[in-house]
Structures are given as structure tokens and as C-alpha cells.
Amino acid sequence: MNKPDQIKTQDRPASLYAKREPVFNRRIDGKFRRLKWAIMVICLAIYWGTPWLRWDRGPYAPDQAVLVDLAHRRFYMFGIEIWPHEFYFVAGLLIMAGIGLFLVTSAVGRAWCGYACPQTVWTDLFQHVDRFFDGDRNARFRLYKAPWGPAKIARRLAKWTVYLAISFATGGAWIFYFADAPTLQHAFWTGTADPVAYATVAVLTATTFVLGGFMREQVCVYMCPWPRIQTAMLDEKSLIVTYKDWRGEPRGSVKKAGKNPDRFGDCIDCNQCVAVCPTGIDIREGPQIGCITCALCIDACDRVMGETGRPRGLIDYATLEDAEREKAGQPPTRHLKLIWRPRTMLYFAVWGGIGLSLLFLLGTRVHTDLTVAKDRNPPYILLSDGSVRNAYTLRLRNMQGRPRKMEISIEGLPGAKIWSDDVGMAEAGTALTRIVPADETQSLRAYLVVPAGTPAQEFTFHLQALGEAREQDSAEAQFDAPGEQ
Amino acid sequence: MADAHNSPAAASRRIDEATNTETVGHEWDGIEELNTPLPRWWLWTFYATIVFAIGYCVAYPAWPMISGATEGVLGWSSRGQLQNELDAQQAARARTVAALADMPIEQLPDHPALMRAAIAGGSAAFKVNCVQCHGAGAAGSKGYPNLNDDDWLWGGDLKTIETTLIHGIRQPGDDATRQSMMPNFGADGLLTAEQIGQVADYVLTLSGKARASASSQQGAQVFADNCAVCHGAAGKGSRQFGAPNLSDAIWLDGGRREDVVAQLTRPHHGVMPAWGNRLDPVTIKMLAAYVHSLGGGEDFAETPAPPDTQPTEAE
């Protein structure tokens, strides 16, 4: 990381480009590390496992539990099937995701960054791969400094191969969300899948390989906008990883502190908090953009405090407000009390409100839909017996996985009769019935005729799925007629 | 503003202390410019664009000459590309066109897919050839029949529409053309102005647009003597002669009294080209299918047995 005092313009030409200092973070165990493991396993399991869940939807719809069917413009999620005109469900979920981030950030700081962000999850995974091939911090540092030779090349190639395998699995899993997974898997390996699938896998493999394998914390610090936004989301009541400098400073080794019991703070300057940090920062310099709040430094510091017989929590989750209180010698506030405050409750109310609204909409939505487009050229046709005809294009939607019989009737247009291309004017009646195929939109051209002298007016097309009381829809339409001549 | 040194620019270059970089040798209000080289990737990109441009000029038409331009070694041209696309379209449609060519129009309704293709093709052909008179929505206007309604001068089944299209209306030189002629009752003095007024009053009662009056009762006799031969005793017209039905609500040349008087005095006679001379049989078949599909198309079974029971286009 940049340290301003290290830049000495007299010694070397100033450059705006700071070369990356590689991060070799030490292995650490502790409760936050175990939490991180658990979340990583859950996230990866969800990501890799979800497309393989099955959900029986009968013969007319795919049996994949979660499927974004772009070709047919459908989104399936377990028992829910979203059509393109219902995209507000997706918009609502995206808004909930956004407000959820606000909620989490204002309550517990950058928890998203530290535990659940894909960049964090994959970086963490790749760092374990590093450790497996190159050893822990010092060994990796030595190997990094070592000249290129057969041994180093072999290790690097092996490691990068594993990187590539993980990246390929990552990119490969993504495509299964967009097509039936078992079918696509077979097509993919036999070379008959759509070129888009191969291109997607290639792009995602490349990005995972580069971003997770090599760029790592640079993505968080330089590329990701979220830390900048989070800086605005955090306030003095948000839980963040804090070094309690009033307790730790001035730093002194165990030996020094033993000789002078009152001169030194609790920090023994062992640098373990820096050694374990996946972004390579020194938390003792205060809150900073490179800190993703993964709390591995807390694990490291707690272990050292335990070994030296000092109270844990020199580095700990604390709010800036609490830091002031603790500095003044008062006991810290309970974390639950910190989380439940007006700001977080407001976020939670908005978030929950949207969620409940979506659930309500989902529960009350009908699977039948009618839209009407009127022919405007010509607006009306005068027939030989003086009656007036208008033509409409109706679209009947059957959003269920079985064919259904639907009836179209006319409301508010006295004497109107309806017929269609396949019915014929002779059989015109007050209603039309159609069987709409499963999961389809059917287009229907309908003619409406009214007796001579009927004025132009508004009326309603009514669509009713036969035998299903709640499954209906209406659409307003205009009937045009000749005016005074 | 002035250069700090009087010597040539090269001599005035100096090394900037802070950056160890040479300056370009100018100074403006105390501001100097560092002579930082362009990044190598930028230069390579720049050279690559030059190479690409040269290759492009060789491969594609590029340099304007006195007449025309260089042709390029690939032989590409926008006209050629268009022609290729047109040829490809034609090839793609070839099977449908061939099937339509072999299919008598009477059998077209038995082949729904072919019928749909014909209607789609007819819609396109209509927009090129027919909208000038019949309008984009085929609704016609005064003097130009509305093709959406159920009123037909010559008949509304597929075969009859096709015949009308091939031979046109009142086309000289085509023996089978639709031909009908209403005498200039007024202009040629066949009827007096008073008789014309009477018969107009009578005609308007036929469709219920006017009530019977003394004048219309006299007009009934004039109608029976002069008009019934073509329009029928009840004024229901005749498709045999293309005589419009006068008892329905549709008026080709206007339904007001003065319109009827004008038509009796010096009748308007619409014309339509004999499209058989201009369009190929498949296009005509498609046009017939399209016109038939507009909402007024009749079945073959409905051929008019007694002329008086069927409505026809009225004046």
C-alpha cells in the first residue's frame, strides 16, 4: 500500500504508478476464519449446485429449478415462473439487493466485502491454492524472490493449472443457469453447444483467472465502486474492524514491556495483523479503503493476546462512537443494540416492505393476461346492412404449464357480436372461446360488429379462463363508428 | 511568455529535477512541458492502424478516380452486396413461390400455411401497387372501393378477385376486362332534370336514407323504365354487370342526394389497371389472398344465385 513517507522525489523519478506489492498472507485460524470458511462453502455450493436442482413442471415447461430462459424469455425459480412483462419482480429483487446492502453496511460495515463478495470468495480460494503449492507466507515470499528455475517453473505451472481449473469450473457453472444443465453439459463436452456457451465460459474463465488469481485486492481497491459508496454508507454507529490504539499504543515488544510495565500499551508490534491480511494493509493505521472487514486480523491479534496473557479484542469489531466511549473508560455498547437503531430499522422497513409487496403480488397474480391492439387503418368499416365493424388484434396469454380454454366476451357495447378469422361472420356470437397452448401467447384477430347507429364509445374485452374463477383479465378498447354525415 | 533563453529550442532543453525528464524547451508563464515519450502500447496501436488502413485501401474501394473509384482486390461493392442479399431472399422464397404457382387459387384455403404466406406476400405487394388508390388500409375513398367491407361489385371469392385483378376494370385492349357503363342520363338528355331528381329521391328510399314522397313515387316508375335492367327491380344490383347494389348502406360515389344526382347526370366510372400485364401470376394470387383476408372475403359456396339477394357495391 502507498505510504506517503516512502516517496522521496530526490531519489527516483516520481511516478503516478505505484507498483503492486504482492500480498503473502499467513494462515490463521479463529472464529472469523471459520465463519469465512463456512460462508465460502455455502456460497460456492449455491453457485455450483443451484443449476442442478430439478423441479417438475410437467411436459410443457423445463424441469430445472432455477433457469433464466433467454431464448423463450422466461425466468423459472422453483414454483415461480416470471414472464417478461412481469419484470418488476426482478426489478424488485434488484432493489431489495441494493437496499439489503445498505442495511448490512449501515449495521455491520463491509460484511459483504469481507465474506460474501464473489471477488473475496474466489480470492480466498486462490490464496488457499497458493498455500497448498507454495507453502505459507515466508515460503511463498522466498519463492517469489527466487530466480526462475525448473523447480519454480514447475510449481508455478502446477498452481496456475489449478487456478485455471477453478476458473473453468466457475465460468462453466454460469452457463447452466441459462439452459437445461444436463443437456447443456452433454452438448458442451460433445462440442455441439451454442457458440455463446463456449464464449461465455471462455470469458468467465479468463476473468476469474485474472481477477481472482492475480489482481485480487487491486480489484477491491482500484476497480470496485462499492468501497467508495460504502464510505458514504458507513457512519459512527457502524460496526467496523477497529484497532484500539488507546489500548495498544505505544507499541513495545513483550521483552520491553516486561522491563517497563507502565510505558507500553498492549500492542507488541508482532505484525501478525498485517501478515494475515488478504489485502495487505495495516489496520493500525486506522479505517481505510483497503480494509474489507474480513476480521482475519482480529483472529490473529486475539491469538497473540491470548499467548501473551493479555485481554483479547485489541483489534475488534467496534463502532467509532464506541471507540470514543471505550477511550473514556466506559464499557462498550452491546452489538445488538448497535444494530437496532433508527437508520437500520428504516432500511429494514423499506427492504421488508418491498419484499412483502413482492410476495403479495406473487400470491395474487393471475396466469391469464389479455392485451388489445385496435386496427387504426381504417378505424371502422361500414358494412352493407349499415352495421359497423371494427377489427382488433388480441393477445391471450396462458402463463400456466397446461393448455387452457379461454373465453373472450364483450362488456359495455350493446348489441356487439364478435367473430374471428377461423369462426366466420355467420357464427358470430357474444363470446369467442379459444384453447391457448401451454405457456404461450396466442395472437387472435377479432372482428366486432354492432348494429347501425351505434355511436363510437369505449368498451371492455373480458378474458376468462373457463372453470377458474380468479383467472381473468380485462382490457379497455375503443369502438369507432361513423359520425354524422 | 518569452522563451527564457535566446538559444535554439534544442539548446534550451533541460532536465527537470523533480522527474528526471527532459523538457520540450518552451516556457509559458513559468509552465514547462515535460518531454514524456508516448507509451509504447499507444505507438504500436497507432502503427497498427496505419497498417490496417493501407490494407483496407487495397482490399476495398477507396480512392476516388476521375470516373468511379478504385475497386479493391476483394471486389466488394455495396451494390453487389445488395444484389447478393436480394438473390438470397429470392432463393429463400423460391419454394413458396413455386408452390403458389402450381396451386389453383380455389384450393388455396385448404393449405393454411401457404395461405398465410400468400397473405403476407400480398400485403407487401399491396403496399407497392394498390395503396395509391385503395389506401394503406385498403379502405378506399370516394370513387375507390373499400376492400375491407362485405360489398363487392364483381364478387368477393378468391377466384373472382383474382380475375378482377388480372383483367382490371374498364381496361381497353383486354377483352375480359370488367366492363360496365352507366348512361349519361342527364348530360345526354335521356332524362330531364326533374326526372333525375325524382329517381334520386327514389334511390335514396331504397336504402332507407329518405322517406317515400310524391317525388320518389314518380321516380319509381322512372327507375323501373331506365335503371332496373342493370340494377334490378329492387335496386339490389348485379354482379354480372358490376352494377352496384343501391339498397345497402355503402355508397361508392357518395350517398347524399346531390351525389346521386351527379352520378345520374354524368356518371363516374372507376378504372383499375389489368394487373395481369404488369405483375406475375404468383403476385396476383397473393394479392387476391390478401384482399380476401381483409374481412369481407366470401366463400366459393356463396356464389350469388339470384343476383337480387346479394349485396354489391353501390353508388
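Glycine residues also receive a Cβ, built from the backbone N, Cα and C atoms like all the rest.
Range B:1-21 is the one annotated as region 'Disordered', of B:1-21, B:127-147, B:211-231, B:232-252 (source: TrEMBL). When the candidates B:Met272, B:Met286 are compared with the heme c 1 site entry in TrEMBL, which names B:Cys130, B:Cys133, B:His134, the shared residue is B:Met272. Within the same chain, the residues at least 6 positions away from B:His231 (heme c 2 binding site) whose Cβ sits under 8 Å from its Cβ are B:Phe223, B:Gly237, B:Ser238, B:Ala243, B:Pro244, B:Asn245, B:Leu246, listed in sequence order. Proximity of distant same-chain residues to the transmembrane segment (B:41-63), defined by a Cβ-Cβ separation under 8 Å and at least 6 residues beyond the stretch ends, is recorded for 69-74, 76-77.
The CA atom of B:Cys130 (heme c 1 binding site) is located 31 Å away from the CA atom of B:Cys227 (heme c 2 binding site). Note: the heme c 2 site is recorded as B:Met182, B:Cys227, B:Cys230, B:His231; in the same chain, B:Asn226, B:Ala228, B:Val229, B:Phe241, B:Ala243 also have Cβ atoms within 8 Å of that site's Cβ centroid. Counting only residues at least six positions away in the same chain, the Cβ atoms of B:Cys230, B:Gln263, B:Pro267, B:His269 sit under 8 Å from the Cβ of B:Met182 (heme c 2 binding site). Look at the domain 'Cytochrome c' (B:214-295): DSSP puts its residues at 41 helix, 3 strand, 38 coil. Within 8 A of the CB centroid of the heme c 1 site residues B:Cys130, B:Cys133, B:His134, B:Met272, the other residues of that chain are B:Asn129, B:Val131, B:Gln132, B:Gly140, B:Tyr144. Here B:Cys133 (heme c 1 binding site) is positioned 28 angstrom away from B:Cys227 (heme c 2 binding site), judged by their C-alpha atoms. Annotation for B:His134 (heme c 1 binding site): spatial neighbours B:Phe126, B:Gly140, B:Tyr144, B:Pro145, B:Asn146, B:Leu147, criterion Cβ-Cβ under 8 Å with sequence separation of six or more.
Residues B:Met182, B:Cys227, B:Cys230, B:His231 are recorded as binding heme c 2; their most distant pair of Cα atoms lies 10 Å apart.
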